[in-house]
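Feature list (source: TrEMBL):
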type: DOMAIN; residues: A:35-181; note: domain 'Casparian strip membrane protein'
type: TRANSMEM; residues: A:42-65; note: transmembrane segment
type: TRANSMEM; residues: A:85-108; note: transmembrane segment
type: TRANSMEM; residues: A:120-144; note: transmembrane segment
type: TRANSMEM; residues: A:173-195; note: transmembrane segment
2 protein chains.
Amino acid sequence: MSARVDIPADTSAAAKGTAPLIAAASTHVKGGYKKGLAIFDFVLRLGAVAAALAAAATMGTSGQTLPFFTQFFQFEASYDDLPTFQFFVIAMAIVSGYLVLSLPFSIVAIIRPHAAGPRLLLIILDTVALTLNTAAAAAAVAIVDLAQNGNSSANWLGICQQFDDFCQSATGAVVASFIAAGVLLFLIVISAVALRKR
Amino acid sequence: MSARVDIPADTSAAAKGTAPLIAAASTHVKGGYKKGLAIFDFVLRLGAVAAALAAAATMGTSGQTLPFFTQFFQFEASYDDLPTFQFFVIAMAIVSGYLVLSLPFSIVAIIRPHAAGPRLLLIILDTVALTLNTAAAAAAVAIVDLAQNGNSSANWLGICQQFDDFCQSATGAVVASFIAAGVLLFLIVISAVALRKR
């Protein structure tokens, strides 16, 4: 069965020929830009894994035993002695584990730059990881500062005069965790730009 | 000028009549859903302003002077004595200020639910605010825990036995800042869902 339809010729050409071609071209350009962002995301994520692992490992192996001791007591300091540093090691280990597990999703985002699902998952979980990472880093900074300088108002004395190696390890771990936090923040910005519907 | 084109009748009906109507309907539904998210965002943002202001004000006005004193010394504690609490007050004041300034952008997102610009700005600045808020809250928790329980390994004694009112104010401020951080995290999830290109 067929029906006769009168259509002005030029309108028909515009509707059927040109418009889809323009749409296809703009989609192609958008795809390339999003694919570049996804590859950048993957590389940055590898850097964040390294920084987070370094932070957890440095703090987890920090500890110092002083070379003098009495009959009853040996002077030693370890991250185990401070609950904040224990939290730091656990939190950074969780962040490292999450970042490793997120690598496959980042690869999916490279292969399919237009899929919003993996991006949305990554941005939400990255934000949670950033929160955990920042909490660990900030709490450790507060304790490291106290260990370095003490606080005269609260009558807390610094311990870094004695345990200088321990304090240096802790400081290094905190710096590494701040680097991981900075990379995570940048990853979230990238994901937000890639999620944009333009 | 007109041209005769033979088109099967049912295909024509499907292409010219039904399809655009479905597209229009789905756009309308998407708009409503994004507008609802934007209104929810605005209401949550008001709650975050209240929590962040409460945290900054509670910590900023905390302080306690003990009812006994010697000839040379009066026993008092204030947030000024601990650098971490000073950072907490400044950071939470900045977060409160940012949240108030972000309200107009949230209103723009209600009026124009499809514009990606305000959403993108909000999600990036919200993430920065969340990082600052979490850092302040976590560092303050580390110090509040030390003030409550002390640390026997580092020979730091708790001060909350003497300054109980001060410790209670500080704990309340920390709880309020964690509420603000939770709301900010939720705001970021909402913005990410609204940015999705579907």
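Each residue, glycine too, has its Cβ placed from N, Cα and C.
Looking at which of A:42-65, A:120-144, A:173-195 has the most CB pairs under 8 Å to the transmembrane segment (A:85-108), the answer is the stretch A:42-65. A Cβ distance under 8 Å defines the sequence-distant neighbours of the transmembrane segment (A:120-144), meaning residues of its chain 6+ beyond its ends; these are 41, 52, 59, 82, 84-85, 87-88, 91-92, 94-95, 98-99, 102, 105-106, 109, 167, 170-171, 173-174, 177-178, 180-181, 184-185, 187-188, 191-192, 195. Through the fold, the transmembrane segment (A:173-195) approaches residues 34, 37-38, 40-41, 44-45, 47-48, 51-52, 54-56, 58-59, 62, 88, 92, 95, 109, 113, 116, 119-120, 122-123, 126-127, 129-130, 133-134, 136-137, 140-141, 144 of its own chain, all at least 6 residues removed from its boundaries and within a Cβ separation under 8 Å.
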